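The block underneath contains the structure these notes are about, expressed in C-alpha cells.
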Amino acid sequence: MTGVLLGFGVVAVLAAVGFATAALLPGEARTMRAGLTPVIYYLTNPALMVVLVAGTDLGAVLGVYTPIALATAAVAGALFALYSGLVLRRGAARTAVGAMASSYVNAGNIGLPIALYAVGSAAPVVSVLLAQLLVIAPLYLLVFSWATRPSRRAGPGAAIRTAAPGRTSTSTGRTIVRSVANPVTVGTAAGVLLSATGLEVPEVLWVPLEMLGQASVPLLLLLFGMGLHGQRPFRNRALVPDVLGGTLVKVVAMPVLAWAIGRFGFGLGGTELLGVVVMAALPTAQNVFLFSSQFRMPANAARDIILLSSFLSFPAVLLAGLLLH
C-alpha cells in the first residue's frame, strides 16, 4: 500500500507542477508544450521503452500479462458497446469511440511510476503497451474507418468522395501504419530484440539511453498537468450519459474484470494480481481523443472521459491497493 501511495504521490506532485505552470505562466506553458511534445515523442519515450523492455522477462509478459490485458480490454469495450447501442441507442461512430475510451489505458506516463513503486516491476506496463500498440489500437482504427464510411458518403461532398474511393482507404491505411510504426513501437521492438537475444549494448551507448529514458516520465507528467489546466468537462449535456457510462466502465468495471481474469483465469495472486488490476484502473489514454479526431469521429465524449477518469482513477487504484495488498 505504501508503494501505491508513493507512486501516486510522484504522479500528483509532477502533474501539479505542470498545472501550476500552465496557470501562472500560460504563454510560456504553451511554448513548453510545443517544444517538449516532439522531444518526448521522438526521443525520450522510445529510449524508455528500449530500456524497460530489454530488462523485462518476455516469457512472463507475453504468456500471462499481455493476454490478460487483451481480454480485459475486449470485455470492457464490449460492455460499453452494449450500453451505448442498447440503452443509449447511439450510432456506430459514437459507440466505437466510447468503447475505446472505456478500455484504452494511459499506461505510458501515469502507469509506469505507479507500477514501479506499487509492484516493483515494469512488466505490467510493458504488457499493456504491447497489447495496445500492436493489437488494440490497430483494431479500433479499423473500426473507426468502417464506422465513418457511411457518414462520408452521405455528407455534402459525397459525390466527390465517392468518385475517389481509393483516397479514403489509402488515408486509413496510412493512419493505421502510423499508429503501429511510430517511435515508441520502434523502441519497443528494439527492446524485445535485446531481451530475446541477450545482446549487450556498449556502456557508452547504454548510459545515455538510460538517461534519455529517465527523463521521459517527469516530462510526460508535467505535460499531463499542463493539459489539465483550462479543461471544462460536460460542455455538451447530451453526452453526460456517454461520459458517465464510459468512465464507470473504465475505473470500476475494467479493474474488476482484470481481477477476475487474472485471479480465476490465470491463477495470479499477490503483487502480480495487484499489478494487473492497477493497470486496468488507470485513466483513459489521450491517444483515444487523437485517434478519434484523426478520423473525424465524435470525440467530445472521449475528451470528457479522459478528464473524468484522470481524477477518479486515483481513488480506484488506491482502493485496489488496499484490497489486494
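Residue 1 is the first one shown; counting continues down the chain.
Placement of Cβ uses the backbone N, Cα and C atoms for every residue, glycine included.
Annotated transmembrane segment per TrEMBL: 6-27, 39-62, 68-88, 95-119, 125-143, 180-199, 205-226, 238-261, 273-293, 305-324, in sequence order.
The stretches the transmembrane segment (205-226) and the transmembrane segment (95-119) are in mutual contact, each linked to the other by at least three Cβ pairs under 8 Å (pairs 6 or more apart in sequence).
With a cut-off of 8 Å on Cβ pairs spaced 6 or more residues apart, the transmembrane segment (180-199) and the transmembrane segment (238-261) reach fewer than 3 such pairs and are scored as not touching. In this chain, the transmembrane segment (238-261) lies close to the transmembrane segment (95-119): three or more C-beta pairs between them fall below 8 angstroms, excluding pairs fewer than 6 positions apart.
The transmembrane segment (6-27) is not in contact with the transmembrane segment (273-293), judged by fewer than 3 CB-CB distances under 8 Å for residue pairs 6 or more apart in sequence. If you look at the transmembrane segment (305-324), the same-chain residues 6 or more away from its ends with a CB under 8 A from one of its CBs are 1, 3-5, 8, 12, 98, 101-102, 106, 110, 114, 118, 224, 228, 231, 233, 242-243, 246-247, 250-252, 255, 259, 270, 273-274, 277-278, 281-286, 288-289. Remote same-chain residues near the transmembrane segment (95-119) are listed as 3-4, 6-8, 10-11, 45, 48, 52, 72-74, 76-81, 84-85, 125, 128-129, 132, 136-137, 140, 143-144, 147, 184, 216-217, 220-221, 224, 242, 245-246, 249-250, 254, 271-272, 274-275, 278-280, 282-288, 291-292, 297-299, 301-302, 305-306, 310, 313, 317, 321 (criterion: CB distance under 8 Å, separation of at least six residues from the stretch ends).
When each of 39-62, 125-143, 273-293 is scored by its Cβ pairs under 8 Å to the transmembrane segment (68-88), the top-ranked stretch turns out to be 125-143. Same-chain residues lying 6+ beyond the ends of the transmembrane segment (125-143) with a Cβ under 8 Å from its Cβ atoms: 49, 52-53, 56, 61-62, 64-66, 68-70, 73, 96, 99-100, 103-105, 107-108, 111-112, 115, 172, 175-176, 179-180, 182, 184-185, 188, 279, 285, 287, 291, 295.
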